[in-house]
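Let me begin by presenting the structure, written as structure tokens, before commenting on it.
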Amino acid sequence: SNRTMERRNQSRVSEFILLGFSDQPEQQMLLFFLFLLMYLITSIGNLLIILAIKTSSCLHTPMYFFLSNLSLVDICFTSTTIPKMLANHISGNKAISYAGCLTQVFFFIWFAGIDSILLTVMAYDRYVAICIPLHYFMIMTSKVCAILIVVSWFWAYAIALIHTVLLTHLSFCGHNEIPHFFCDLSPLLKLACSDTFINDLMVNTVGALTIVIPFIGILVSYIHIFMVVLRIPSTVGKWKVFSTCGSHLTVVCLFYGTIIGVYFSPTTTHMVQKDTAAAVMYTVVTPMLNPFIYSLRNKDIKEALRMLLIKKSGLSL
């Protein structure tokens, strides 16, 4: 029991140090403004999408209901990591408390999980709209849409909770520097000095399933959609279908491409910098680009945004 007490005392690292990107002050300054700008664009862009969908009655359809949920999750997702990083930069202190670090891990996994499941729900919605259009409103009722959203929030919540609770059982002895700009699961597992077998097992099973199952779901939906598209005789018809799916497909490739690149590439080959760069892609860049990807290709959203801005500001655009 004496030995366990000793280990207990060692194990309580009270804080972690987020090393971030760079030690050079001028680089840090540039990164600070860059991330602040990206955070503002993400928040404002996604908020505008939510408001445009809410205020425009012609956008009260399942597709846009899911899109406004995706925008909400994207705001939450970036808010989990960026504000803390910016605050640390201002205070010149790179520390994050043990509880703060675990909180960040929990919310990060939760929102990433919802993102992943929502992208699948959106692919399924497009599959129904394009492959069985006559039954669309019978299948995608408002009740079904609500259930799909609730399931995605709760499924991701359960997974985040499992990972976080398992983290609390690990010991961290002295090494507390995280070579990242936020508390992510994999760098934390590398820092632990107790056995991480169960944690790794969960990452590679439950964690992988939250990425792999949705990804397979999206692939299956799109294979069906492409089969239908190939049978459309007119080029205009083909183009019309592709334009409704193109935005979604772009977002899917950005999100999954970077996540799969980070978490499923062999540990030996991957460098910390490569990890961090890919993490920036899916934690900051993808949520920032989503509103642009969806609105630039979409007449209805563009129109709704125009109406929203005219109503709110009295501008004539």
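Glycine is no exception: its Cβ is also placed from the backbone N, Cα and C atoms.
What TrEMBL records for 29-52 (among others) is transmembrane segment.
Residues or ranges marked as domain 'G-protein coupled receptors family 1 profile' by TrEMBL: 45-294. Here the domain 'G-protein coupled receptors family 1 profile' (45-294) returns a mean pLDDT of 88 for the predicted model.
Among residues of the same chain six or more beyond the transmembrane segment (95-124), those with a C-beta under 8 A of the stretch's C-beta atoms are 12-18, 63, 66-67, 69-70, 73-74, 76-77, 80-81, 84, 88, 148-149, 151-153, 155-157, 159-161, 163-164, 167-168, 178, 182-185, 188, 207, 210-211, 213-215, 217-218, 221-222, 248, 251-252, 255-256, 259, 282-283. Under the heading transmembrane segment, TrEMBL lists 95-124 (among others).
Sequence-distant contacts of the transmembrane segment (136-162) (same chain, at least 6 residues past either end, Cβ-Cβ under 8 Å): 62, 65-66, 69, 105-114, 116-118, 121, 125, 128-129, 202, 206-207, 210. Positions annotated as transmembrane segment by TrEMBL: 136-162 (among others).
If you look up TrEMBL, you'll see 206-229 (among others) marked as transmembrane segment. Long-range contacts of the transmembrane segment (206-229) within its own chain (CB-CB distance under 8 A, at least 6 residues past either end) are made by residues 109, 113, 116-117, 119-120, 123-124, 126-127, 130-131, 155-156, 159, 162-163, 185, 238, 241-242, 245, 249, 252, 256, 259-260, 263-264.
The transmembrane segment annotation in TrEMBL covers 241-264 (among others).
As annotated by TrEMBL, transmembrane segment applies to 276-296 (among others).
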Intrachain residues whose Cβ lies under 8 Å of the transmembrane segment (29-52), provided they are six or more past its termini: 20-22, 59, 67-68, 71-72, 74-75, 78-79, 82-83, 85-86, 89-90, 284-285, 287-288, 290-292, 294-295, 301, 304-305, 307-308
Same-chain residues near the transmembrane segment (276-296), Cβ under 8 Å, at least 6 residues beyond its ends: 21, 35, 38-39, 41-42, 45-46, 48-49, 67, 70-71, 74-75, 77-78, 81-82, 108, 112, 179-182, 184, 247, 250-251, 254-255, 258-259, 261-262, 302, 305
